Amino acid sequence: MESLSPGGPPGHPYQGEASTCWQLTVRVLEARNLRWADLLSEADPYVILQLSTAPGMKFKTKTLTDTSHPVWNEAFRFLIQSQVKNVLELSIYDEDSVTEDDICFKVLYDISEVLPGKLLRKTFSQSPQGEEELDVEFLMEETSDRPENLITNKVIVARELSCLDVHLDSTGSTAVVADQDKLELELVLKGSYEDTQTSFLGTASAFRFHYMAALETELSGRLRSSRSNGWNGDNSAGYLTVPLRPLTIGKEVTMDVPAPNAPGVRLQLKAEGCPEELAVHLGFNLCAEEQAFLSRRKQVVAKALKQALQLDRDLQEDEVPVVGIMATGGGARAMTSLYGHLLALQKLGLLDCVTYFSGISGSTWTMAHLYGDPEWSQRDLEGPIRYAREHLAKSKLEVFSPERLASYRRELELRAEQGHPTTFVDLWALVLESMLHGQVMDQKLSGQRAALERGQNPLPLYLSLNVKENNLETLDFKEWVEFSPYEVGFLKYGAFVPPELFGSEFFMGRLMRRIPEPRICFLEAIWSNIFSLNLLDAWYDLTSSGESWKQHIKDKTRSLEKEPLTTSGTSSRLEASWLQPGTALAQAFKGFLTGRPLHQRSPNFLQGLQLHQDYCSHKDFSTWADYQLDSMPSQLTPKEPRLCLVDAAYFINTSSPSMFRPGRRLDLILSFDYSLSAPFEALQQTELYCRARGLPFPRVEPSPQDQHQPRECHLFSDPACPEAPILLHFPLVNASFKDHSAPGVQRSPAELQGGQVDLTGATCPYTLSNMTYKEEDFERLLRLSDYNVQTSQGAILQALRTALKHRTLEARPPRAQT
């Protein structure tokens, strides 16, 4: 396990707590009325038991033949931690010697209703669908073990880790091997980070395993020959098993490997405690770096507001309204338009009034490029705009030249050597970098902190979605992942890592293997991953209407209302979660529709972490929970080895979730929408989504006239909800720009051609797939976006005054009392 650098994450807002472990005894008694798949005989049933919080532990009863009423009466023991969500999975299988064993049924049971010292007998049934029943007894007993040290934010729990150091000494071995064959020792520790490690005999070798301290597990090992690739000797020769619980921390134990043809092989074992400090920051509040940035930025914003609104006094820090830019996706169109919007804000002296700057998909290309310059908002934006125009107008044939392809290959090979899992998305990253820059850009997300040191720029927030790699479409399972120069993490779990560690390997919140931070282009490929769309998502996009999307959100809301995520002592919902297996054909078809062959894969920094006993009822978790899987800990992201990150626009074309993190509390949002049609659709979807989660969002109710002929700027608010920010929405429309070269300046006949911007025609140059613009097309789109913001100056200033008034009223009472 690697140590944190001095620049690692700050201390956790939640202190460690000691909690006792318990022994759970599960006795599988009998089953009744089992159906069988074999037409010629009854079932040959057995039961598999797994506990979501005991990784690597799987128990199996004996198989009973030809019976629909098996009686096992077998007991199994788990060591459990009561502060985590312990869900027992019981599965009855019908053994088949020819084909794969058939599953009869499966039940998930939350054991929180098992009271200490009281025997509980449960009968699990499949009614009303079937008559199958399974009788099981549960007994919870206290152990004499010392309490376990936990770190938790009440959603995620980091448990205590131990390290097992294994030294293989085979230098004195006189191994008898035929035909120069080599003997290899394989060591397995189920549930550990490493799982399996191997070494050839003949040299001294050292291994280290990281495993959960409160885990009833064992180290197993075998010798095998390299030539035959099979186990050496019979089933017992060269095989060893070492239970880890009896090992004394800090005490070395030496043992011989029982291999008749390799005498003298010894293992030296030593268990040690792992450092308690986490590399993953657990907490829903803003990190210390962002809080310090906010204090610095408010000084800049206060000065800008005083000048823009012509105030006669300086603002106090608690009076400064928080303004955010919320940019949508749209490929090169979004990139170009965003430059125009920012240019207009700079001309109006309003860019320094902005504190947060969020984006997704194509808008992140603008953001990533600008933040390569620590002083970008203080410099003339015409420079970056010329740069973007030059590269967007150039031919893209060079991007696929033999020389470039060879350079891509070398870069991908280097990434693989560094430990990054390489996918097609990484190739897309290099192609995108070549398109937008024409050269290798040695910039990283952590380097953008230089642009925040004095509060001289807004804080950039990049959004992505984590989805299931297979079997579920984006609408049914998605988790927001936020990237900032300070941290990368999940809004839903309250778990974050510094950007330097994104892509590194973690286990139970500890850094296991540090991998170099990726260059910014590889993150841009994640944020704008146009290749991650699975077939079911594509089918939905092709066949759905806006109304069906609304219905989807409403259905999800009703589902949450009918089946709340908060669990009672009876755990009735989990008890009823009978998972019926589909046919092989159905599963194959589902996999075909939902597979993501071109998704991006990143090591999961949540790997090994567990869910708190009351995670479902935590406000911050339930805010972002929206699927049945959220009540099944074994199906959530901490159980996955890798993240599957995709473009957030595949769900809603919005970057709004970042605006609702606790501690940010925006007063005014400038919404820049880059859709070519339906200028209010994404915003209305966002309102539905936010309201379903209890997030304060203004009412988005454009008039029929505005729907038919949208203006440059629309104001939305909700007087009934003071917590909801004011929202100024800027759709991508060509309204008065057709006739005006600047606000209030009518175009001359010679200038009318410059006002013709084709946004909807059959020859529109701004389609999502187009990455090459003519210079005049780039210029028209840029000037249109610039104009639309400048002509809305009055609306922006009035919204700023209203936001300032609200903040000032909130700030006055505490001062008045002093």
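Just so you know, glycine gets a Cβ as well, placed from its N, Cα and C.
Fair warning: this is a prediction, and the values are worked out from it, not measured in the lab.
Feature annotation from Swiss-Prot assigns active site, nucleophile to Ser361; the stated evidence is experimental evidence. If you look up Swiss-Prot, you'll see Asp647 marked as active site, proton acceptor, on the strength of similarity to another entry. If you look up Swiss-Prot, you'll see Asp38, Asp94, Asp96, Asp102 marked as Ca(2+) 2 binding site, on the strength of sequence analysis. Feature annotation from Swiss-Prot assigns Ca(2+) 1 binding site to Asp38, Asp44, Asp94, Asp96. Summarising the annotation, Swiss-Prot assigns substrate binding site to Gly330, Gly331. The domain 'C2' feature in Swiss-Prot is assigned to 5-124; the stated evidence is sequence analysis. Residues annotated as domain 'PLA2c' in Swiss-Prot, with sequence analysis given as evidence: 273-818.
If you measure from the Cα atom of the residue listed as 'active site, proton acceptor' to that of Asp94 (Ca(2+) 2 binding site), you get 42 Å. A count of other CB atoms within 10 A of each Cβ picks out Asp647 as the most crowded of the recorded positions Asp44, Asp94, Asp647. The most crowded of the binding-site residues listed here (Asp96, Asp102) is Asp102, judged by how many other CB atoms sit within 10 Å of its own CB. Within 10 Å of the C-beta of Gly330 (substrate binding site) there are 27 other C-beta atoms, taking all protein chains into account.
Within the set of recorded positions Gly330, Gly331, Ser361, the entry lying nearest in space to Asp96 (Ca(2+) 2 binding site) is Ser361 (CA atoms). Its own atom aside, the Cβ of the residue listed as 'active site, nucleophile' has 29 Cβ atoms within 10 angstroms in the protein chains shown. Within 10 Å of the Cα of Asp44 (Ca(2+) 1 binding site), the following recorded positions from the list Asp94, Gly330, Gly331, Ser361 place their own Cα: Asp94. DSSP assigns Gly331 (substrate binding site) to a helix in the three-state reduction. Here the domain 'C2' (5-124) is broken down by DSSP into helix, strand and coil counts: 3 helix, 60 strand, 57 coil.
Of all the recorded positions listed here (Gly330, Gly331, Ser361), Ser361 has the Cα closest to the Cα of Asp102 (Ca(2+) 2 binding site). In this structure, the C-alpha atom of Gly330 (substrate binding site) lies 7 angstrom from that of the residue listed as 'active site, nucleophile'.
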